[in-house]
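What follows is a set of notes on a single structure, which appears directly below.
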Amino acid sequence: MPKQKVAILGPGSWGTALAQVLNDNGHEVRLWGNIPEQINEINTRHTNSHYFKDIVLDEAIKATLDLKEALADADAILFVVPTKVTRLVAKQVAQVLDHKAVVMHASKGLEPETHERLSTILEEEIPAQLRSEIVVVSGPSHAEETIVRDITLITAASKDITAAKYVQALFSNHYFRLYTNTDVIGVETAGALKNIIAVGAGALHGLGYGDNAKAAVITRGLAEITRLGVKLGADPLTYSGLSGVGDLIVTGTSVHSRNWRAGAALGRGEKLKDIESNMGMVIEGISTTKVAYEIAQELGVYMPITSAIYKSIYEGADIKESILGMMSNEFRSENEWHS
């Protein structure tokens, strides 16, 4: 692929790791953020120490506070900002962007106020004449591993397979590989909802339960993620792929996962406000729990794990009692997808 200019909106851990992947592939990368000290550190010291204490970035990776500068002549734009500000940033992009570009996002969540997926927000806020069909970049990926060039395989999903293949070629190299998918609903709901299950798996660890219990929550968590996704129009097969079970495994079993760590802290009895303060990073699974619970209630979808986490976080229920309460739920068949 010829050299591309890529604007990455959001110099957090994942945005920074993806900037390095693109730089390794010979592309021109511009990171945009709104914290002057961070932008200055990236440009002068070539580090992003809030997220990676011992990583030195290539000097070719540039950062800016100026959105217009970041977007100038960009062939592709990658949103990697927290879910709650995606719409705001998309509005800003729409005001500044003066040419058509491939628009991607690599965030995982659902908008709290509208319950919308992030690709829908980008479609609504960025005029069609200024963008491709949205491409979702999602899958099992810890930034801490990608930044040291550990092997990572994820998904590029779009309603337009040509756009998905462009992103596949843009990112793929000897340690980072993308597979294409056209099931945007499935890929986005998998990426968002697995954070809830990761909180639950972490909570079990914090409560002192063993691998049997964690495996149960992850597996039955996948079942309820699939249940809701299919209700929203997704292909159930998507949840057996990288963006589904793959992401659930990596997020639901690892100390790298901020959602798992938050759940573990909740299981130990720590207060949510203290957990969020100590972590210093967005815990998407907390807000997504509320959104998913509300959608499930509205659509009549059975999501017992999500309900248990919701009641613990938002209604003050004891997390151990909430989880153990699921053991007395009605008996059900395991496989819901027989034809």
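Placed from the backbone N, Cα and C atoms, the Cβ positions cover glycine too.
The annotation in Swiss-Prot ties SER13, TRP14, ALA143, ARG258, VAL282, GLU284 to NADPH, and of the candidates under consideration, LYS53, LYS108, LYS231, LYS320, the one tied to the same site is LYS108. The secondary structure of VAL282 (NADPH binding site), as reduced to three states from DSSP, is coil rather than helix or strand. The subset of binding-site residues (LYS108, ARG258, VAL282) lying with their Cα within 10 Å of the Cα of LYS194 (sn-glycerol 3-phosphate binding site) consists of LYS108, given in sequence order. A distance of 12 Å separates the Cα atom of SER13 (NADPH binding site) from that of SER257 (sn-glycerol 3-phosphate binding site). ALA143 (NADPH binding site) sits 14 Å from ASN259 (sn-glycerol 3-phosphate binding site), counting Cα to Cα.
Other residues of the chain with a Cβ within 8 Å of the Cβ centroid of SER13, TRP14, LYS108, ALA143, ARG258, VAL282, GLU284, the NADPH site, are GLY12, SER107, MET281.
Around ASN259 (sn-glycerol 3-phosphate binding site), the same-chain residues six or more apart in sequence whose CB sits under 8 Å from its CB are ASN195, ILE196, ALA198, VAL199, GLY202, THR251, ILE283, GLU284, GLY285, listed in sequence order.
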